[in-house]
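These features come from Swiss-Prot:
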TRANSMEM  12-32  transmembrane segment
TRANSMEM  49-69  transmembrane segment
TRANSMEM  71-91  transmembrane segment
TRANSMEM  122-142  transmembrane segment
TRANSMEM  153-173  transmembrane segment
TRANSMEM  188-208  transmembrane segment
Amino acid sequence: MFAEYGVLNYWTYLVGAIFIVLVPGPNTLFVLKNSVSSGMKGGYLAACGVFIGDAVLMFLAWAGVATLIKTTPILFNIVRYLGAFYLLYLGSKILYATLKGKNSEAKSDEPQYGAIFKRALILSLTNPKAILFYVSFFVQFIDVNAPHTGISFFILATTLELVSFCYLSFLIISGAFVTQYIRTKKKLAKVGNSLIGLMFVGFAARLATLQS
């Protein structure tokens, strides 16, 4: 399938893309958190931020920016530390609000949808490993002798985005159903938010220690 467009072993790629999307990460966790705290609208706004951020990174990977980042340690480190700092900021903010026992119910009635989208977009864009991954993964399924490798790259990128959309939609819908139950169990909600905050801090530490 899509062999005429320079795509090699498309079905193998699709299976690989599914497994990759299923691996939990900060983007997935952020979408799930917002679907629980702000409903389906908040979840899909977070997902849109992730999709746009990923699309930008994929385009940059195709444009050759990945090679620049890989061969320029300073640039890689700048993006890496910015991403780690932002993850730490999000995690600390969640933990502070949870431990402080702020009036989350009042805030949940009027979610800041614009802020959700912006945070998801920044979270996606400040992951230097993602752009390097796209190149290393996609290149295995592109015929370098094809006349238009850009089309091949576009097909693979679109497939990955569609798989991600399906999975995130499942999480968003599930999170929206869980919302009503969580709101009646304040202790459970507090524990859940604390775990999410700690996971973001953990993601920050991991990103800060990554090597190019």
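Glycine too: its Cβ is placed from the backbone N, Cα and C atoms.
The transmembrane segment (188-208) shares more Cβ pairs under 8 Å with 12-32 than with any other stretch in the list 12-32, 122-142, 153-173. Same-chain neighbours of the transmembrane segment (12-32): 43, 46-47, 50, 54, 87, 90, 119-120, 123-124, 127, 137, 140-141, 156, 159-160, 163-164, 167-168, 171-172, 175, 196, 199-200, 203, counting only residues six or more beyond its ends whose CB sits under 8 Å from a CB of the stretch. Listed by sequence, the residues of this chain that lie at least six past the ends of the transmembrane segment (49-69) yet keep a Cβ under 8 A from its Cβ atoms are 27, 30-31, 75-76, 79, 116-125, 127-128, 130-132, 134-135, 138, 150, 153, 157, 160-161, 164-165, 168, 212.
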